[in-house]
C-alpha cells in the first residue's frame with residue numbers, strides 16, 4: 001500500500017511538473033525553448049510512476065516506537081543546528097548539536113558533553129584557524 | 001610510445017612533493033573512511049571535497065587527492081565487511097559473503113591480506129587499462145556530435161545501477177527524478193526561471209555536492225537510528241597481524257579473473273563498482289565452487305569481488321574523464337568537483353589539460369603502492385578504529401558534512417536543502433530506490449538538455465537528427481540490449497532461484 005501511495009504521489013508530481021513547464025516561454029533562442037525538455041522527461045516519469053501504482057512492490061518494514069522517535073529527534077537536531085548556526089556561532093551550536101546527537105546514540109550525558117566540547121573545538125580550530133575557512137565564531141549578540 | 005612519454009610527464013607532475021603528500025594523505029583518509037561502517041567512497045569523497053576547496057589546491061592536485069581518497073575508500077571498504085560483517089558501502093557487500101565466515105574461523109588476518117592483495121591487483125590492472133584505453137576513447141570521442149552525446153546520456157541512465165534485486169522501474173524513475181531536480185533554476189539557454197517558486201535561492205539550482213552529501217551522508221544518519229537497537233555480531237578477533245605470503249597468494253588467479261570482469265563493468269557508463277563486484281563473485285562461484293566452499297570462507301570468494309570492485313572503480317574513471325559521463329556514484333561526485341573547478345571533462349580534456357589527466361593517472365599508480373603498504377602491514381591500525389564508539393564517530397561525520405557544505409557557499413539555505421535531500425534519500429532508500437541514478441540525473445541533466453537543444457538547433461528543430469548518426473544508433477542499440485538484460489535479470493531474480501544466497 002505504501003508503495004502504491006508513493007507511486008501516486010510521484011505520478012501527481014510528474015504531471016504537475018509537466019504542466020508547469022507549459023508556462024516557460026522564451027521569445028528568442030533555440031527552436032526547442034525552455035519548456036520542451038521538462039515536458040519530454042515528464043511523460044516517461046509519469047508512466048513509470050503509473051507502473052509503480054499498478055504493480056507495487058511489497059511494503060518496506062517500518063520501525064515503530066523508539067527508533068522512529070529517535071529518527072524524528074535526530075532530524076529535529078539537524079534542523080535546529082542549521083537554524084542556530086549563525087545566531088549562536090559555530091563553536092557553541094556545534095557543541096550543542098554534537099552533544100545531543102551523541103546522547104541520542106545512547107551514551108551518558110557526561111560522555112556526550114565531552115564529545116560536544118572536543119569535536120566542536122577540534123573542528124573550529126582545524127577549519128577556521130588551520131585551513132583558513134572563516135566560520136562564525138561568536139553568537140550574534142556578542143559580535 | 002606517445003602514451004609512455006605522456007605517462008612520464010604525468011609522473012613529473014605526480015612526483016612533486018606537494019602532490020605526493022596529497023596522494024599519501026588521500027590514500028590514508030580514504031582507507032579510514034572506507035573502513036568505517038556505513039561510510040563508503042561516495043560519502044567520503046563528497047564530504048572531503050570541501051577540504052580540497054579549503055586548501056585552495058590547484059585543480060590537478062585537488063583531483064589527485066580526491067581520486068586517492070576514492071581508491072583508498074575502495075580498499076578500506078573491505079575492512080568492516082570482513083571484521084564486522086557490515087559492508088561500508090554497496091560494492092563491499094559481496095566481500096562479506098566469504099570474508100566474514102573466514103574471519104570468524106580465526107583467519108581474519110588472512111582474509112584482510114587476501115583482499116588487500118586482490119584490491120591491489122584489481123586497482124593496478126585497471127589503472128593500466130585506464131592508461132591504455134582512455135586516450136583511445138578520447139580520440140574516438142572527438143567525433144561525437146551533440147546527438148551522440150544525447151544518446152550517451154540516455155545510455156548512462158538506462159544502464160545505471162543494473163544490479164540484480166533492484167526494481168528496474170524504480171531505477172529508471174530515480175534517474176528521471178534526478179533530471180527533474182536538474183531543471184530547477186535559471187534555464188542556461190534562455191535565462192527563464194524554472195521551478196523556483198519565486199525563491200531567488202533556487203535560481204542557481206541545486207548544487208550537486210549539497211544534494212550528494214544530503215542524499216548519502218544525512219540519510220545514513222536516519223538509517224543509523226533505525227537500526228541502532230539491532231545488535232551486531234560484534235567484531236571478530238584479529239589474531240596474528242601479518243598474514244603469511246603463501247596464504248595471501250591463494251586467491252591470486254581469482255583476483256586476475258575478477259579484475260578483468262570488474263574493469264569491463266566499470267567502463268560501462270552507469271554500471272559501476274557494485275556490478276563489478278557482483279558479477280566477479282558470481283562468475284568465480286560458478287567456475288570454482290566445486291566443493292561448496294563458497295560462502296563459508298573460500299579465499300577465492302574474497303579475492304574475486306575485491307579485485308572486481310577495485311578494477312571497476314578504475315574502469316569507471318574512463319568514461320568520466322573521456323566522455324564526461326560517470327560510471328558510478330563516486331565518479332559522479334568527482335565530476336561535480338571538476339565542474340566546480342571549471343574543468344569540463346570530455347575528449348578535449350586530454351589535449352587541453354594533459355598535465356591534469358596524466359598527473360592523475362601517474363598518481364594512481366603511486367597511490368596503489370601506498371595503499372598496499374597501508375593495507376597489509378598497517379591494517380591493524382584501521383581495524384582498531386572500528387572499535388571507536390559510535391557516539392563519537394557519528395556526530396563527528398555529521399558535523400564535518402555540515403562544515404563542508406557551509407564552506408562552499410556560506411549559505412544556511414544550502415544546509416537546509418542538504419537536510420531536505422537527506423530526508424528524500426532516506427525515503428528513497430526505504431522504498432528500495434537506488435540513489436546513484438538521482439545523482440547522475442541531477443548532475444548530467446543540464447548537459448543532456450543542452451546537447452539536445454544544440455542538436456535541434458543544428459537541424460532547425462527536426463527531431464530525426466537524434467537518430468541520424470551511426471554512433472548514436474550504435475549507442476541506442478547497446479542501450480536497448482542492456483535494458484532488456486536488466487529487466488530479464490530482475491524477472492529471473494523474482495521468480496527463479498535466489499541468486500544472492
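Quick reminder: no glycine exception, Cβ is built from N, Cα and C everywhere.
Nobody curates TrEMBL annotations by hand; they come from automatic prediction.
Among the residue ranges B:149-166, B:239-256, B:293-310, the one that TrEMBL annotates as transmembrane segment is B:149-166. With a threshold of 8 Å between CB atoms, the same-chain residues lying at least 6 positions outside the transmembrane segment (B:33-55) that come near it are 62, 65-66, 69-70, 72-80, 84, 86-92, 209, 212-213, 216-217, 220, 223-224, 273, 313, 329-330, 333-334, 336-337, 340, 382-383, 385-386, 393, 397, 400-401, 403-405, 407-408, 436. If you look at the transmembrane segment (B:391-409), the same-chain residues 6 or more away from its ends with a CB under 8 A from one of its CBs are 36, 39, 46-51, 53-54, 207, 209-210, 213, 217-218, 221, 224, 415, 418.
Mean per-residue pLDDT, taken over the domain 'DUF112' (B:20-440), amounts to 82. A contact links the transmembrane segment (B:415-444) to the transmembrane segment (B:172-193), because at least 3 Cβ pairs that are 6 or more residues apart lie under 8 A. Contact check: the transmembrane segment (B:323-344) against the transmembrane segment (B:205-225) gives at least three Cβ pairs closer than 8 Å, residues 6 or more apart, which meets the contact criterion. Taking Cβ pairs closer than 8 Å, the transmembrane segment (B:172-193) reaches residues 157-158, 160-161, 202-206, 211, 428, 433-446, 448-450, 453 in its own chain, all 6 or more past its ends. Annotation: stretch B:108-137 has the most Cβ pairs under 8 Å to the transmembrane segment (B:260-281), among B:108-137, B:205-225, B:356-379.
Residues of the same chain lying 6 or more positions beyond the ends of the transmembrane segment (B:205-225) and with a Cβ under 8 Å from any Cβ of it are 38-40, 42-43, 46-47, 49-50, 181-182, 184-186, 329, 332-333, 336-337, 339-340, 394, 397-398, 401, 404-405, 408-409, 414, 417-426, 428-429, 435, 438-439, 442-443, 446.
Cβ atoms under 8 Å from those of the transmembrane segment (B:356-379) belong to residues 6-7, 9-11, 13-15, 19-20, 23-24, 26-28, 31, 59-60, 63-64, 67-68, 71-72, 75-76, 79, 109, 112-113, 116-117, 119-120, 123-124, 127, 130-131, 134, 241-243, 314, 321, 343, 349-350 of the same chain, restricted to positions at least 6 beyond its ends.
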